[in-house]
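**Q** Pasting the feature list from TrEMBL:
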DOMAIN    11-391  domain 'Major facilitator superfamily (MFS) profile'
TRANSMEM  12-37  transmembrane segment
TRANSMEM  49-68  transmembrane segment
TRANSMEM  80-98  transmembrane segment
TRANSMEM  104-126  transmembrane segment
TRANSMEM  138-157  transmembrane segment
TRANSMEM  169-187  transmembrane segment
TRANSMEM  207-229  transmembrane segment
TRANSMEM  249-269  transmembrane segment
TRANSMEM  276-295  transmembrane segment
TRANSMEM  301-325  transmembrane segment
TRANSMEM  337-355  transmembrane segment
TRANSMEM  361-381  transmembrane segment
Amino acid sequence: MHTPRRAGIAQGLVIILIGLLPMMAIVTLMPIVPALVKNFAHVPNIQTLAPLVLSAPGLCVALFSPFAGTLTDRIGRRRLLLIFTTLYGLGGVLPYFITSFEALFAGRLLLGVGEAFILTVGNALLGDYFEKEERAKWLMWQSLTGPAAGVFLVTSSGRLSMLEWNLPFLIYGLALLLAIFAFFTAYEPDRSGQQAVNEPGTATMMAFPSGLMVRIAASTFALSALYFVYTLQFSLALDEMGVKKGSELGNYTAVASIGVPVGALLFKFVAKRSNAAQFTVVFLLLGLGMVGIGLNLGLEPAIACAFVQQLGAGMVIPVLISWSLRELPERFRGRGMGWWCSAFFLGQFVSPFFVSFVRGWAGSLLNTFVVCGLICIVIALSQGLSHRRAMLVPAR
């Protein structure tokens, strides 16, 4: 009798490292944006194009993830993981060796396509390798390692840029090391049973759950747009409060961001609750934090409220991913997580436009934080009532 291979620490490490690549795509280049503008001053509209260099991979993820999900279910996980982790690394280091702006942008697009497949395959493998409790554990560790890795990447990038402005691009070579590690540790999950029952012509063939996918994608998109309000706008909110120095902005943001790993630890306990209870906690923390920031009761209260918001932020991605993996049928896990990635990154892309719209009505960015926070609180209350009604319904 064939015994399926059981995933362990090595496979969990692959999942954690995969989860760091989207953050690496952005934060590695954050310290060198001014250098980009300076070195490509001859390029028309470089002031606009330089920040776009950072965000281009995210747009690629939004566009290519559904296609990546379809391929993941059709031809398997491991092969795609190895190919596109390698593509990510090659696209990342390309601008160091070819220094034209066209090569730089092409490299970022290649990196983005690689990221779309890596994220989709990684989330699918998380569901394939681990059951519910183990899944929650690895999601928690992934969220805990993210902030520390971000500090390391930003610091390393800044120091390397002092030696040579484009030296930080070599950091993306770490993805090539990950591809080698995955070659020896990642394995193709046994999905023969899933595929057999889904062959055309069989009585048990299952259609893709479009209605469920729309619900997951819409919820992910909405939560992502609200999640990125703080991420993209908090420094501007502090500026509105009178904090002008870049060093102070960085210090206050760093203090508040301690809430992210704490929130990741809290997820381990929240994960045992129902979906509605998890979303209630997440939206309540996000909402209370943003309302507190927007009320502008003073700098110290604002930082305390930012910490509360970051507690919720630390749970957002683990809650969304665990919910999606729990709801999606196993045989559609790749395609489903492809659409999930697309919805999440579309939410990131739309968030600034959403803030701009609300700000036009609310009158200021701080008022916009209050409005967004109230939206989160209303959603939290509705989720809480839904959970309470479900608890009161007698079992049949």
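In case you wondered, yes, glycine gets a Cβ from its N, Cα and C as well.
Describe the structural context of these features.
**A** For the transmembrane segment (80-98), the residues of the chain that approach it from at least six positions outside its boundaries are 18, 21, 25, 68, 71-72, 104, 106-118, 121-122, 125, 166-167, 169-176, 178-179, 182-183, 186, judged by C-beta separation under 8 angstroms.
Beyond its flanks by at least six residues, the transmembrane segment (249-269) meets 136-137, 139-140, 143-144, 146-148, 234-235, 238-239, 243, 281, 285, 299, 303, 306-315, 318-319 of its own chain at Cβ-Cβ distances under 8 Å.
Long-range Cβ contacts of the transmembrane segment (276-295) within its own chain (Cβ-Cβ under 8 Å, at least 6 residues beyond either end) map to 223, 226-227, 229-230, 234, 237, 263, 266, 270, 301-302, 304-313, 315-316, 319, 323, 366-381, 383-384, 386-387, 390.
Remote same-chain partners of the transmembrane segment (301-325), defined as residues 6 or more beyond its termini with a Cβ less than 8 Å from a stretch Cβ, comprise 123, 126-127, 132, 135-136, 139-140, 142-143, 216, 219-220, 223, 227, 230-231, 234, 237-238, 241, 252-253, 255-267, 270-271, 275, 278-279, 281-286, 288-293, 333, 336-337, 340, 344.
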**Q** Which residues of the same chain, at least 6 past either end of the transmembrane segment (12-37), have a Cβ under 8 Å from a Cβ in it?
**A** 46-47, 50-51, 53-55, 57-58, 61, 81, 85, 88, 92, 104, 111-112, 115, 118-119, 121-122, 125-126, 129-130, 138, 141-142, 145-146, 149-150, 153-154, 157-158, 161, 165-166, 168-169, 171-172, 174-175, 178, 181-182, 185-186
**Q** Is the number of Cβ-Cβ pairs under 8 Å between the transmembrane segment (337-355) and the transmembrane segment (49-68) three or more, considering only pairs separated by 6 or more positions?
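**A** By the criterion, they touch.
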